[in-house]
Amino acid sequence: LRFVCFRLFSLVFASGVRSARNIRELRSVLGDKGKHIKIIAKVDSKIALSRVPEIMSASDGLLLSRADLGTQIPIEKLFITQKSVLGQCHKVGKPVIIASNVLESMRFNPFPTRAECFDLANAVIDGVDCIMLSSEVAIGLYPIETVSICYILCREAEKMVWYRDLFEDLVHETQGELDASHSIAITTVERARRTKATLIIALTTSGRSAALLSKFRPRCPILAVTRCERAARWVNLHRGVLPLLYSADCAENYANDVDARVGFALTSAKKSDLISDGDPIVIVSAWKDGGGFTNNVRVVYSFFEADRMDCLFRADQNSSRKNTTLQSKQGKSDPRTIL
């Protein structure tokens, strides 16, 4: 653990966790130099399973080891356990990973069994954030085919999620007073749903804004633009979040810096075929430099030409439209704003 504090490690997977006390002990060993390292607790025993809420609260995410749990609980209870753990993590916005026996038959065969396809698809529908492939790609005969099949199955399963009902249930479960960050996240996802946005662009420093957006499961991907490599690696664990590292220096004028990052995100999204001409896009950013959290939500429409990129800005359904022109040449974004 002390070794990883001085290297570019982002995650530590903790096995044999029995309670939140184990997580606190790990954090004390990591100390201040390792405070940026996220701890993923592995739920691999009956004791850990009975203490999921407190372990989940103390850690940064959970890894559900189905192979280990299958030896300690009745086999007919395993699928209920998986659904329960996924639901609890989903409710609080913590990433959850499933591992073991995902596409096990592909160690020796180029195609999975139908049961494995159903198992993986149901996990995606239930809200899993990440799929961990182990022996299938470590010692399997078809590692590339395994990853490809896993990708295809996840994409197809995501189409079967009822995002509107899921969003309403999550908002209903968020009881009590909301802080500003949660309010902005709910507003952003609601606006993206009503405008049928194809992309949400989140300008974030720590990655927390992108993680909150992921919690409420928008139907479109979230492009998290950040200058922090650690934040980019961390948000990659959250479902639907695509990290984008922005390495340019900060502009002296904050508004120009925001436009530069938005232009970079739009150009990258266009190259990756995430957006097309005329697509509505929701942009979330901080109102001013040093604001502490994203508190500004905009809806733009993207139009691309050979030598420029235009976005029509619309604050809401009843407001007037303003033209914002973002210039980009030869694939390098150098945007300017014209009101």
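Numbers here mean position along the shown chain, with the first residue as 1.
Quick reminder: no glycine exception, Cβ is built from N, Cα and C everywhere.
Residues annotated as domain 'Pyruvate kinase barrel' in TrEMBL: 9-147. The annotation domain 'Pyruvate kinase C-terminal' is assigned in TrEMBL to 182-300. Feature annotation from TrEMBL assigns signal peptide to 1-19.
Long-range contacts of the signal peptide (1-19) within the same chain: residues 26, 29-31, 33-34, 36-45, 47-48, 51, 54-55, 59, 63, 229-230, 233-234, 237, each at least 6 residues beyond the stretch ends and with a Cβ under 8 Å from a Cβ of the stretch. For the domain 'Pyruvate kinase C-terminal' (182-300), DSSP puts the residue distribution at 46 helix, 26 strand, 47 coil.
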